[in-house]
Amino acid sequence: MEYNNKQLQIIGVAEKLFAEKGFSGTSIRDISQEADINVSMISYYFGSKEKLIEALFEVRSKDFLKILESLLLNVDLSPIQKVNMMIDGVVNRLIEKQCFHNIVVREQLAGSRTPIISELLSVMKTRNLRAMESIIQEGQQLNVFTEDVDILMLSTTLFGTINQAISTQVFYRRIHQLEDLSQEELNDHLKQKLSIHLKKIFRAILDKELNEAIAS
C-alpha cells in the first residue's frame, strides 16, 4: 500500500512515541498531540492504533524486502557476494532506523501481549529467516557453502550482534573515546565496524573450503 505525506507524517510520529513509551503506553491522543492533528484524522487514515502500527511495520519492512528479493534474483552475484550485501542491508537498516529497532526490541523483551504485534514480529522474522535460508541454500547447491549450517543461529548472530551494538552505543563511545562524534558520524563508524566483523564471522561459518582446511 502507498501512503501519502500526511499518513507518513503520522506513522513517523507514532514510531517515535512507540519507541519511547511502548505501544501500550501510547494513546491515539498522544500521537495526535505530537503530530499537531486531531484524533479524527488518525481514525480516518488508519482506523485504530493497531492498524497504525501495522502500517509502520509495512513501511519499515518494504524497502528491505525489495533488497532481499533483488539479491535472490541477481544471477551476476556469487553466493558470498549476496551474503555480504545482505549483511550490509541489515546493518544499514537497523542503524538508520533505530526508533523502529527500539520498538522491535522493546516489544520482544516485554513478550508483547498485543496479538497484532506478536503476529507482525513473527511474520517479519520468518520472512528474514527464509530469505537468508534461500541465499545460503544457493551457496550449498553450488558447493561453496558448508552443509552444516544452523540458519536460525546465523540469523541470531546477525541481528543479535547489531542489536547489542545499538543498545550499548553509549558505552561503546566511552570505551573507544568517540564522545566527539556526532550521532551521524557514530552511525557511519558502527556500520563499517559491524559490516567487517559480521562478514568475517559469516565467511568463517559458511566457506566450505575454509572449513575443510580447518578440519583436515
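Using the three backbone atoms N, Cα and C, a Cβ is placed for every residue, glycine included.
Small disclaimer: the values here were computed from a predicted structure and weren't measured.
Listed ranges 27-46, 67-86, 147-166; the one TrEMBL annotates as DNA-binding region is 27-46. Across the domain 'HTH tetR-type' (4-64), DSSP classifies residues as 49 helix, 0 strand, 12 coil.
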